[in-house]
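The L-histidine binding site annotation in TrEMBL covers D90, L91, T92, R117, Q133, D137, R286, Y290, Y291. Per TrEMBL, the feature domain 'WHEP-TRS' maps to 3-59.
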Amino acid sequence: MAERAALEELVKLQGERVRGLKQQKASAELIEEEVGKLLKLKAQLGPDESKQKFVLKTPKETLTGKYGEDSKLIYDLKDQGGELLSLRYDLTVPFARYLAMNKLTNIKRYHIAKVYRRDNPAMTRGRYREFYQCDFDIAGNFDPMIPDAECLKIMCEILSSLQIGDFLVKVNDRRILDGMFAICGVSDSKFRTICSSVDKLDKVSWEEVKNEMVGEKGLAPEVADRIGDYVQQHGGVSLVEQLLQDPKLSQNKQALEGLGDLKLLFEYLTLFGIDDKISFDLSLARGLDYYTGVIYEAVLLQTPAQAGEEPLGVGSVAAGGRYDGLVGMFDPKGRKVPCVGLSIGVERIFSIVEQRLEVLEEKVRTTETQVLVASAQKKLLEERLKLVSELWDAGIKAELLYKKNPKLLNQLQYCEEAGIPLVAIIGEQELKDGVIKLRSVTSREEVNVRREDLVEEIKRRTGQPLCIC
């Protein structure tokens, strides 16, 4: 230890010498020579295995060890210099690294970007290897459960406004899970692997989950049965209160803290008016290692075949939770920044919307264009260009086909395929009369509108604010 301390002092002194030479603008040769001495001293010193330090820079691979069993889904690669790199698995770990690098302790943000998972794709279920996520996070040291409740409120607002059907948000707490595993007899080393098995209960039966825990992961059958008694329960705040009275679970410090916070959370969710969308579900585990407290997952529900049946889940569309320790893993001094957030699966949402539109035989609108400027005869390109320019200048989202003499039928078919609601048709007679023929694509109704009134009429039909003159 004394020898290492002496070397560390030499490294420190040599580093100060190098910095001094740079400030004095010494010759490049002298600085290079002294840097060489510094590097030799550092090589003699070697790594301090008692301290794990991260050199934080954007390309470094910081993903390893953050996702538990899901780590096998990370795309690993190396750059030309041999540095370890990975494609980002989610937006949460990069966000935590950003907070640590910039020493931020308080921020609220949203982020939409691509992530990558080396998984088996299932296109019909919106499961891809490269896809977009939309994340919302609140970082900072606040009173318990207030930001957590806001995240759940935001999740419910998003899913309600998308109008993709009934949904349910399952809520649990990692501390309750860990406490439950402890009193059931699961060893600390098996907590995370048993967590990943329990998390499959929304897809497979309890018997299948039990067989995996016992047969593949070496858990004693009686321990699995004790877990089964808990994880098959779900409900509301009454279940929280029931478990607070559980003679074994209430004696576990972690579980008691988690249950206390969940009770408080339900109070806030009631005030937000969304408690009817929330279910306390003891089977929810969320396999990612970085979660430390409340966890949640939103699933869409399909209407039950008969009254009284349980609604059937048709897949997760959003998830999130509290991760208070992740930022500290990237901070050289281990400073913690409490965080909570949520993630929306964009492609998953799109997949569901597309499926529902197909069932309803509705077309997906592929453009925001409000009106197509079309011509009824040949040699009217100049008139089309003048009119589309007028509409653009007035703030109307308009376009035209890039052909000199397109057929009117082709122009109308393009509107139907793209979902453009209106067509402004120019013809020789219309030019003489000073009008434009405005056609509704869905009803096929046509009216002549004076050219000077066209902008106001389009805005009226598309719900844009009218000009007050």
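Glycine too: its Cβ is placed from the backbone N, Cα and C atoms.
Remember, TrEMBL labels are computer predictions, not curated facts.
Residue environment of Y291 (L-histidine binding site) contains 26 other Cβ atoms, counted within 10 Å of its Cβ in all protein chains. In terms of local Cβ density within 10 Å, T92 ranks first among the binding-site residues T92, Q133.
A mean pLDDT of 76 is what the model gives for the domain 'WHEP-TRS' (3-59).
The number of other Cβ atoms within 10 Å of the Cβ belonging to R286 (L-histidine binding site), over all protein chains shown, comes to 21.
Neighbours of D90 (L-histidine binding site), defined as other CB atoms within 10 A of its CB across all chains, total 20.
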